[in-house]
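Engineer: Questions regarding the structure given below will be posed in turn.
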Amino acid sequence: MSDTKYPPSAEFAANAHIDAAKYQEMYDASINDPAAFWGEHGKRIDWIKPFTKVKDVSFDLGSVAINWYSDGTLNVAANCIDRHLATRSDQTAIIWEPDSPDEDALHITYQQLHDNTCRMANVLKGLGVKRGDRVVLYLPMIPEAAYAMLACARIGAIHSIVFAGFSPDALGARVNGCDAKVVITADHAPRGGRATKLKDNVNQALLHDVDDVKCLVVKRTGGQIAWREGLDFWWHEEAAKVSAECPPEEMNAEDPLFILYTSGSTGQPKGVVHSSGGYLVYAAMTQELVFDYHPGDVFWCTADVGWVTGHSYIVYGPLANGATTIMFEGVPTYPDASRFWQVCEKHKVNQFYTAPTALRALMGQGNSFVEKCDLSDLKVLGTVGEPINPEAWTWYNEVVGKGKCPIVDTWWQTETGGHLMTPLPGATATKPGSCTTPFFGVQPVILDPTSGTEIHETEAEGVLCIKDSWPGQMRTVYGDHERFEKTYFSDYKGYYFTGDGCRRDADGYYWITGRVDDVINVSGHRMGTAEVESALVAHAQVAEAAVVGYPHDIKGQGIYAYVTLMNDVEPTDELRKELEKWVRTEIGPIAKPDLIQWAPGLPKTRSGKIMRRILRKIAEDDFGALGDTSTLADPSVVDELIENRMNRG
Ligand code: 6R9
């Protein structure tokens, strides 16, 4: 880990929203009087009925309740669209860049965004969607995804986006899980030159017990699809029948804006619920200050709207600020490894926000792909999703940013709604690999994992918790508040538990060391090992499975599965391929195991608990120090597993 510091240039700091002195002053104010601080910043957005209460929060187990601005009313879509129309109706809100560079980009103005969102809202109403109903979005990265999100917000419906890379089964579980009224999808989703048959996936998902769910279909490619007469509707046909005006519903600040499923350490993914008021204040404020966004800038977050990063930093944050935001349908390496940089040049991107896994993949292709593009408009570079290794950081800084663009390494989670720890580009001297210091109002604490007590020394290492609430915090797990309390507030009483391990250095800088639970981070995407295991054991020939992460050059972590087969089943390469395919169809391509090791036995304690610590060590090819194995029921299985390990060097 490097301790070299990279301070912002004096010129950058002078023109930034926040410099070092201002950061300190505002941070102190945010901690000393949170109600006054957030009361002031709550005014960033427009309220129909202004709030009088700012914060009403309890982290006490049994009565966890998180409320911000709770007597205020607003409409999120009106904040992201209508309030800009007087001054920016002709300004581009969304630049859509298609998968193939041969297809034209679209520039969608705020007025067009208004009209299309209203049409979508009216179509949804026509399909019977009412305030409080759930709508599932299963869409490519196309403008209709933003219209659909904002249309739900406009009529007070709750959206739940399912990443288009998820399988029909995963989609079905999420449609069922929130009892959705309508699914919005597209015929096919082009990505990296290949097309996913989204509508067919929806049909398969709805074969279960929700086959009366209506489906609104966007025509993206005109590809072949199976139609369910009476249940399926073309977006372009319905849009032509409705008005481009739809009055925004007056919503309470605490009314849910969306549900987003995310992986945890146990069981199936949980539906993270975000609020309307607090979430929007927090997304808007972080988008402006963390990226030092100024009016007229072009902002590009390369995430997919299926992840929280896309929610907060493609749609809600930028649009609440009246920004120009890019929505990119493709992948970084198609048609070749210069795609990102060509898009930056073409649209004169000022702030660019991506994931370390993408940077590592592109770095491996050599500098020429970057150097042939004009990146002179770039001002700020951001990363998110996993710790960034200093090599990738340095490459990003020197080759992409030419040493003149501050890098903001933003640490946050689906649960947090927006950035919690991050540099501010005009204020913070960065260190490669550190997410540096907390955002306003955020109080990170490091706890001793065994005693659960707070470590007060500056230099510390342990589990990362947050002491008090911030407006963007998730409010509950959809339909299961008890699970919310148990997951985040029960291990360390009185704190929000992040699930991450963390080190604080002598300068008070924070370094995320990775998950301390059974969640692995594959290419910046969260995967519960339990989910992959339950997919594997659902296969008729699998008796038992244990899944762990291991270091992977590009993905950060790869998925390593130990599989015990049923008696009499031959372990063959064919079966290995079949299991890989099985997991792809059960969950989706991102869950496919990278390595599958046949395990005649798994190391278990006498009480039957799988000793994952040992499996992790073997998967890491670091079995010299396995620690105490004396509690194992049968220590000999370990030698067998080491002997046949799949990751060698
Ligand atoms: C936004 C997002 C959250 C988990 C989080 C942590 C890891 C995210 C990071 C980072 C180190 C960063 N993580 N950003 N680790 N440095 N800058 O990624 O949300 O998908 O919920 O993942 O990702 O482990 O706990 P989500």
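Each Cβ is built from the backbone N, Cα and C atoms, and glycine gets one as well.
The model shown is predicted, which means the values in this text are computed figures rather than measured ones.
TrEMBL lists these features:
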- 23-80: domain 'Acetyl-coenzyme A synthetase N-terminal' (DOMAIN)
- 82-469: domain 'AMP-dependent synthetase/ligase' (DOMAIN)
- Arg191, Gly192, Gly193, Arg194, Thr309, Ser523, Arg584: CoA binding site (BINDING)
- Gly385, Glu386, Pro387, Asp409, Thr410, Trp411, Trp412, Gln413, Thr414, Asp500, Arg515, Arg526: ATP binding site (BINDING)
- 531-609: domain 'AMP-binding enzyme C-terminal' (DOMAIN)
- Val537, His539, Val542: Mg(2+) binding site (BINDING)
- Lys609: N6-acetyllysine (MOD_RES)
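Let's see these features in context: how buried, what's close, how far.
Structural biologist: For the domain 'AMP-dependent synthetase/ligase' (82-469), the model's average pLDDT works out to 96.
Of all Cβ atoms in the shown protein chains, 24 besides its own fall within 10 Å of the Cβ of Thr309 (CoA binding site).
Neighbour list (Arg515 (ATP binding site), Cβ cut-off 8 Å, at least 6 residues apart, same chain): Gly499, Asp500, Gly501, Asn521. Look at Arg515 (ATP binding site): DSSP puts it in a strand.
DSSP gives Val537 (Mg(2+) binding site) a helix state.
Under the three-state DSSP scheme, Lys609 (N6-acetyllysine) falls in the coil class.
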Engineer: Among residues Gly385, Glu386, Pro387, Asp409, Thr410, Trp411, Trp412, Gln413, Thr414, Asp500, Arg515, Arg526 annotated as binding ATP, what is the maximum Cα-Cα distance? Answer in Å.
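Structural biologist: Farthest Cα pair among residues binding ATP: 18 Å.
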Engineer: Which residue, of the binding-site residues Val537, Val542, has its CB surrounded by the fewest other CB atoms within 10 A?
Structural biologist: Val537
Engineer: Tell me which binding-site residues (Arg191, Gly192, Gly193, Ser523, Val542, Arg584) have a Cβ under 6 A from ligand 1; sequence order is fine.
Structural biologist: none
Engineer: Return the residues near Gly385 (ATP binding site), defined as same-chain residues 6+ apart in sequence whose C-beta is under 8 angstroms from its C-beta, sorted by sequence, else 'none'.
Structural biologist: Thr309, Ala355, Pro356, Thr357, Asn521, Ser523, Gly524, His525
Engineer: Measuring CA to CA, name the entry from the recorded positions Thr410, His539, Lys609 that ends up nearest Arg194 (CoA binding site).
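Structural biologist: Its closest listed neighbour, by Cα, is His539.
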Engineer: Which has the fewest other Cβ atoms within 10 Å: Gly192, Gly193, Pro387, the binding-site residues listed?
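Structural biologist: Among the binding-site residues Gly192, Gly193, Pro387, the lowest count of other Cβ atoms within 10 Å belongs to Gly193.
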Engineer: Taking the mean position of the Cβ atoms of Val537, His539, Val542 as the Mg(2+) site, which residues outside that list, in the same chain, have a Cβ no more than 8 Å away, listed in sequence order?
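Structural biologist: Along the chain, the qualifying residues are Ala535, Leu536, Ala538, Ala540, Gln541, Ala543, Glu544, Ala545, Val563, Leu579, Trp582.
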Engineer: Calculate the distance in Å between the alpha carbons (Cα) of Lys609 (N6-acetyllysine) and Trp412 (ATP binding site), and round it to a whole number.
Structural biologist: 31
Engineer: For His539 (Mg(2+) binding site), which residues of its chain lie six or more apart in sequence with Cβ-Cβ distance below 8 Å?
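Structural biologist: In sequence order, Glu578, Leu579, Trp582 meet the Cβ cut-off.
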